[in-house]
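Since the structure comes first, as structure tokens, the remarks are kept for the end.
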Amino acid sequence: MASATAYEEHLPASPNWLNKGDNAWQLTAATLVGLQSVPGLVILYASIVKKKWAVNSAFMALYAYAAVLICWVLLCYRMAFGEKLLPFWGKGAPALGQKFLVHRARVPESDHHYKNGTVESPTSEPYYPMASLVYFQFNFAAITLVLLAGSVLGRMNIKAWMAFVPLWLVFSYTVGAFSLWGGGFLYHWGAIDYSGGYVIHLSSGVAGLTAAYWVGPRLKGDRERFPPNNVLLMLAGAGLLWMGWSGFNGGAPYAANVDASIAVLNTNICAATSLLVWTSLDVIFFGKPSVIGAVQGMMTGLVCITPGAGLVQSWAAIVMGILSGSVPWVTMMILHKKSSLLQKVDDTLGVFHTHAVAGLLGGLLTGLLAEPELCKLILPVTNSKGAFYGGSGRVQFLKQLVAACFIAGWNLVSTTLILLFIQLFIPLRMPDHQLEIGDDAVHGEEAYALWGDGEKYDPTKHGSSRVDKVSASPHANASGARGFTIDL
């Protein structure tokens, strides 16, 4: 019986190395990660800030996503996943030609060797084309910049942000990605970062706090009172972020395999646990549950599990959720208020706590709880395991700590130098008159055309009833929306 054309091998679009299931999952996972940024964080940012900053906050995220893609394919993908230039950096080159994109995906420097030179783990070669890998990793790079933006919302000059995005991608993100994922020195040393706890979250948190310091604070009034303009829409953005995380961690094995399933389950377990713990602490100490607090707890759980999502057992995911719902809560609600340094730095959405603290916590816990059999499924260094399992695992915690110090230090220095360079040409902070007005002054646009924003009801302008007699209500006050009565 002849097989269906779709399953025949050696067709031009279906070479014998292509696994259609892996390719379909990788493209799906990449798209899920993309949905976390656009529309997920675009909606969340637009909703969690004051009304006057909704457009600006959403636009910063939208711009970053688009700008990163062009820089990624022009230069940065191969800086992060190409041939080695330095122990922490790859050789930049375009990823645009068909000869590069249609061939089987390959991470050149990912082969691992024993000390005697024999191969320990072969080069990572997923069963799909390079185009799928380029797109998947682009979405990780893009969301890192979008997360970083959360630290400087409500005052960073949009032109400075437009210059910052490509420079930070080139000189900061690609270094972390190559070092831990692309075959750099931390990868070969055996430091573990399953899906970006360090490369994405620790880096965005540290860089965000650094950027917030150099850009300067919001206006005093904005900093003292910065209520969300739409809590329900904020939850919609948070929901997209949560659901998209299945692609975030589930796509990390580069295959639709057993480890991807473990990662997806653990991701959701940790997020739910962390949300419940954060909410419980809010009730205990403040007397009522907070929706914003629940979103923060969800976020810290997702971040914390990321460094070890496919490497820890599900009971460990609960432990990590308990700690990610409590430790960042303490740093944000208690230590932040007692630290004079953190009080001086205006981190708008607390990205340092939700991403840097939670990412560091997750990386260190992975060094303790990484399970040996799960590590065999994906890690290049044989016999990798957490310190909890004894033996050679005791050194893993040290590796995790050193990797965290490198990522944090590099982001602190590189972000500082980039912003000081931009400041020579573009002011980092908006002028005060723009800060007073917000979106209308910066973009000439406002988020909501709400009834009652200084506009009176005009039947000739807004239309009138065809049969019923409609008249403006005399009870509507000047500051609220004009009502109307219908005489039947």
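Each Cβ is built from the backbone N, Cα and C atoms, and glycine gets one as well.
TrEMBL annotations: computationally assigned, not manually curated.
Listed in TrEMBL for this protein:
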- 24-46: transmembrane segment (TRANSMEM)
- 24-448: domain 'Ammonium transporter AmtB-like' (DOMAIN)
- 58-80: transmembrane segment (TRANSMEM)
- 134-153: transmembrane segment (TRANSMEM)
- 165-186: transmembrane segment (TRANSMEM)
- 198-216: transmembrane segment (TRANSMEM)
- 228-248: transmembrane segment (TRANSMEM)
- 260-279: transmembrane segment (TRANSMEM)
- 291-309: transmembrane segment (TRANSMEM)
- 315-336: transmembrane segment (TRANSMEM)
- 348-370: transmembrane segment (TRANSMEM)
- 401-426: transmembrane segment (TRANSMEM)
Contact call for the transmembrane segment (291-309) against the transmembrane segment (348-370), three or more Cβ pairs under 8 Å: yes
Positions whose Cβ lies under 8 angstroms from the transmembrane segment (315-336), at least six residues beyond its ends: 265-267, 269-278, 280-281, 285, 296-297, 300-301, 303-305, 308-309, 342-343, 350, 353-354, 357-358, 361-362, 365, 369, 371
Maximum Cβ pairs under 8 Å to the transmembrane segment (228-248) - stretch from the list 24-46, 198-216, 260-279, 348-370: 24-46
Contact ranking winner - 24-46, 165-186, 198-216 against the transmembrane segment (401-426), Cβ under 8 Å: 198-216
Average model confidence [pLDDT] within the domain 'Ammonium transporter AmtB-like' (24-448): 96
